């Protein structure tokens, strides 16, 4: 039995079929009822396979009457849809060479399946026959070993089994495995041959072949003689350059979302029941997995016996369940103590069926004395589920160590089984934090924070009068400096130096409620470089400044007395009525109609004005369930510990912090939080951190583990999204994945009409457009707002530390980064790629690459010219059809931090080191010199592009500027002729002439530039005037 070998080399210029400008092609070859296929190349319109497929041929005489069908499909496994047709080739068996040495790589244009099929591109194949019986083959064929047929059969079965197993694999993981397998193969020498181009025989085997097309570059061919080895059926490994080309355009699969299906009540409940249920509490915790806890509330004790010789008692309570032990605070010299502490033991880690509550006496010198205890069987503990009322505590008589009731002493307890929905859950002592001291216990609890309410403070510095410098014979060079908190601004020097200077400058500051700051306005005389003399100053309490609501009238300016710097405030008040003082005219007001930006506008979570009276009602509710994390990196590995993770979520002015789980690389929080939504075009940020203050961390900082951002406008309403999000952190050593965070998100709309109307409203409040803040002040004010928020939250208890707030708000987002510059450039090129595709499509139409399509465009063009009223309806109808077509390919997962878009997965180490450098730089001089030279090189390229753009613009200006008198004369004469021609000729005729001229056949085209292009390039520019 002989073998037919079909080697699929590559394909080029395939038709995109996935609705996103790409395709995932694979090739299926059918011969004599035998069908085999190649592997899929994901998101690649120019795929490279280099795979060999083997088919059994019973007799060479029958080969002449057979046809080889090669079909290219688009793989649709991710959408569970059949593959789309990308083209096919039919090759007669009569033209198949009978040896490998006689075969070459041929390129075949892909044929359509029907008249209206949209197919383009070609495929490179190498086909030959291997006569295993030694007959009919070429003279250079080497006889195979006797068991060759058995090896072929085994390899075919193994290959088919491998393909069947790969059907259910992740395509990107399979793709990475292919690259790894092919990279590990030893390189083989390949002989390059001249590549010829043949065409398909058409739909019928006996049809005549179309004329050959232009030949493509040659491809490397395999060795002349076949290799008889166990893996000969696999395609040989591509060259290193080909391996690089095989990488998919999307990011690493490790950095992608993973959809999950946890047992959430929101998924199990029917949508109708959810909407019809009026009980809000029943659905409060439906986005998290239910976790049961044993709650023990130690309220107080009474009539405790005296244990010390001195007649005093320092009682405390020990709650013990198995190996877990919780302690209350000890109260000195108190026989009727009140603790009011709650302990929570996770049901998953219950180690005993008996709860033991022991009252002890604290003793500093000896062992603590036993006062009494209470033992409770867990089988008798009731179950409490909100909205049930809290369980009433009961008095329990203390028992001695033998189990006998004591004469004195009772303790009030409440024991119940509940979930994390219990109101006692946030403030309870958890068994997960059993080794945390009481002083640090607050650092591990879940809390809700609110950002301070921020306002802009506007100070209009107008003029000053009667300034008195220290040198009477000198006219002061006065400037005004204003200090508000830790913010300092200064005006420019006046145009004229005088005793009554005028500035008329507005300075902006950020202040926060409750307006405890003082604003100090000082007038300084610049005597010399770095030497200023204070001529006078005034203190203005922020609480006394009037508040301006939106577009209300600006307050009237006021004259303020300037105090001498040498005088104290009391002395100035005493002499105010007796002596005159210098004065300054100021207009001061607090702006309540602006939104104070404390984060970048690109991913802002709140766009409401500062004034509560100007805010619009909410349009929806955002619910976030922080479920769990997995594969976290041990952040405390140097100390022999793992990680103490907790999460922080920020949306609007509300911050939430989950509890800290100790020594956990796969923590489970299962905490749910809710926010009101006022604008769908906002972003929620969730960060994961390692708690460095569990055991008196001192000055340690909480280390960042990763961050997730989700834009609400990309979420469907009333749908629950559950995914594992990669936790990516960019370090000087490169991109690092620190684990995965599982979140559940649901955006519920409460006002559909208001939500849709929100898309037509301005993004920011009205004051930002009526009286905009200068751009040069925006970044400075945002930085000051971030500092105020970080300072205020760091003073909470437990504190939300400054490094956490700065990481969540991206304080260093405005700093220079060559990686971000490349990412932004890549985004621009991605946008322009669609324009490039349209231009390429139009060029194909003009060059008649597809005559049928060009003829259809001619017909459409003539219809639109004859009936111009159909142009706009056609355009909008086309947009509607495209939008509806893309609805099938809409994203089904929320966006996340994309490493590929951020250019973080392939950033150069030196670029990352530069990004994390301080400002000003702290690197050695040779490294700074190298980076400066690199920046000069990049700047030179930008300079060239800007110069080319300026040249084109100056040539346009030169058309009528008479810089080149002959060129201008030709242009104006041509313009006059065209004016007369257009006036006397109907518009439809002109449009038809221009359109048909642009769509003319290539036979009527010339490769030389057109006359208008030649004329334009000869126009003068100012580039020759540059030094």
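Including glycine, each Cβ sits where the backbone N, Cα and C put it.
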Where TrEMBL places transmembrane segment among the ranges 824-854, 855-885, 886-916:
855-885
Under the DSSP assignment, what numbers of helix, strand and coil residues are found in the domain 'C2' (1-112)?
10 helix, 54 strand, 48 coil
Restricting to CB pairs under 8 Å, which listed stretch, 1-112, 275-396, 603-725, is in contact most with the domain 'C2' (435-560)?
603-725
Model confidence over the domain 'C2' (603-725), averaged pLDDT:
90
Using DSSP, how many residues in the domain 'C2' (435-560) fall into helix, strand and coil?
7 helix, 65 strand, 54 coil
Per-state residue totals over the domain 'C2' (275-396) - DSSP helix, strand, coil:
11 helix, 52 strand, 59 coil
